[in-house]
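Trainee: The structure under discussion is supplied below as structure tokens; questions concerning it will follow.
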């Protein structure tokens with residue numbers, strides 16, 4: 001039996017929950033969980049904000065742990081290996097996206113917390129292809145958020161062929177944005193942070209931003225007209241997108257990684273005349289995750305985390321929901 005924590009209904013508190021996972025599949029890995037990040041997507045699933053939640057719901061998709069068991073078809077990890085698991089717990093492996101290496105775009109990809117019990121427990125299972133071995137030297141306590149927040153901002157840097165000479169702005173310096181700033185600085189880019197938090201300004205500079213602009217001040221935003229080659233938006237609220245797009249240089253690219261549920265209100269003419277573009281992306285493939293982890297270790301990039309024990313799980317969730325979390329929250333089974 002696997003001991004976990006589950007929401008039994010929308011907006012419900014998490015409760016102890018046991019389930020029998022059945023026989024381990026030939027292509028499955030069972031992970032003994034050491035740490036698991038708490039992401040805003042977990043909150044959305046607990047509260048059924050996206051209308052895709054099934055209860056009992058065991059959240060948790062930023063898993064770090066050791067391989068406890070594996071099926072006979074798994075050969076890239078061994079029992080005892082340190083591994084991580086992110087948003088996806090499996091892929092079809094036969095569609096064009098999978099065969100092209102874009103597993104994260106697989107139309108039938110299995111989510112770790114949608115119709116599947118996630119990592120808020122002592123163990124979790126997933127298809128082997130979605131389980132990524134951790135590189136030596138990585139900090140285990142802070143590695144979990146890299147499997148969602150980290151790859152969410154790193155993947156478009158790879159897919160958009162971001163040049164190290166680019167001028168890049170990040171909207172929102174929270175769980176995603178503080179990682180984007182670190183990755184972009186290490187990539188070689190000139191980084192500007194749009195933030196509404198006066199208290200974060202010194203810290204954002206320490207994380208690697210070259211410039212800061214007040215996102216609550218339209219004049220400050222407008223002062224950057226035509227400046228940026230890329231903008232990465234990490235926020236989940238509606239903003240004046242046309243004002244931000246005015247800060248793109250010709251052929252500039254605006255990329256969404258934060259989930260904004262409201263329809264976008266965009267003026268086409270500035271996009272057309274400046275050959276500017278708008279796009280979005282979800283997480284990344286296992287191969288890109290592995291590349292990101294190596295890059296993070298090489299450049300000493302770490303999520304800033306606050307740690308709670310698993311028996312404080314509802315306290316941790318309330319802390320994140322309140323907006324008081326210092327970037328990322330991680331649950332721990334560690335005795336330390």
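Any Cβ shown, glycine's included, is placed from N, Cα and C.
Pasting the feature list from Swiss-Prot:
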BINDING   36, 39, 61, 148  Zn(2+) 1 binding site
BINDING   92, 95, 98, 106  Zn(2+) 2 binding site
Trainee: Counting Cβ atoms within 10 Å across all protein chains shown, which of the binding-site residues 36, 39, 95 comes out on top?
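Mentor: Most Cβ neighbours within 10 Å: 36.
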Trainee: For the binding-site residues listed here (92, 98, 106, 148), which one has the lowest count of neighbouring CB atoms within 10 Å of its own CB?
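Mentor: Looking at the binding-site residues 92, 98, 106, 148, the Cβ with the fewest others within 10 Å is that of 92.
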Trainee: Specify the count of other C-beta atoms within 10 Å of the C-beta of residue 61 (Zn(2+) 1 binding site).
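Mentor: Other Cβ atoms found within 10 Å: 30.
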Trainee: Quick one: which residues besides 92, 95, 98, 106 have a Cβ within 8 Å of the Zn(2+) 2 site's Cβ centroid, in sequence order?
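Mentor: What remains near the Cβ centre is 91, 93, 94, 96, 97, 99, 103, 107, 108, 109.
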Trainee: Taking the centroid of the Cβ atoms of 36, 39, 61, 148 as the Zn(2+) 1 site, which other residues of that chain lie with their Cβ within 8 Å of it, listed in sequence order?
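Mentor: My list of surrounding residues reads 37, 38, 41, 42, 59, 60, 62, 63, 86, 87, 112, 113, 118, 119, 144, 145, 147.
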Trainee: At the Cα level, what's the spacing in Å between residue 36 (Zn(2+) 1 binding site) and residue 106 (Zn(2+) 2 binding site), rounded?
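Mentor: Their Cα atoms are separated by 24 Å.
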Trainee: In whole Å, how far is residue 61 (Zn(2+) 1 binding site) from residue 106 (Zn(2+) 2 binding site) when you measure between their Cα atoms?
Mentor: 18
Trainee: Measure from the CA atom of residue 148 (Zn(2+) 1 binding site) to the CA atom of residue 98 (Zn(2+) 2 binding site) and give the result in Å, rounded to a whole number.
Mentor: 19
Trainee: What does DSSP assign residue 36 (Zn(2+) 1 binding site), in three states?
Mentor: strand
Trainee: Please report the DSSP secondary structure of residue 98 (Zn(2+) 2 binding site), reduced to three states.
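Mentor: For residue 98 (Zn(2+) 2 binding site) - judged by DSSP and reduced to three states - the answer is helix.
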Trainee: Between the Cα atoms of residue 92 (Zn(2+) 2 binding site) and residue 61 (Zn(2+) 1 binding site), find the distance and write it as a whole number of Å.
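Mentor: With distance taken Cα to Cα, residue 61 (Zn(2+) 1 binding site) is 19 Å from residue 92 (Zn(2+) 2 binding site).
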Trainee: If I take the alpha carbons of residue 95 (Zn(2+) 2 binding site) and residue 148 (Zn(2+) 1 binding site), what is the distance between them in whole Å?
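Mentor: Cα-Cα, rounded: 23 Å.
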Trainee: Tell me, by DSSP, whether residue 92 (Zn(2+) 2 binding site) is helix, strand or coil?
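Mentor: DSSP call for residue 92 (Zn(2+) 2 binding site): coil, neither helix nor strand.
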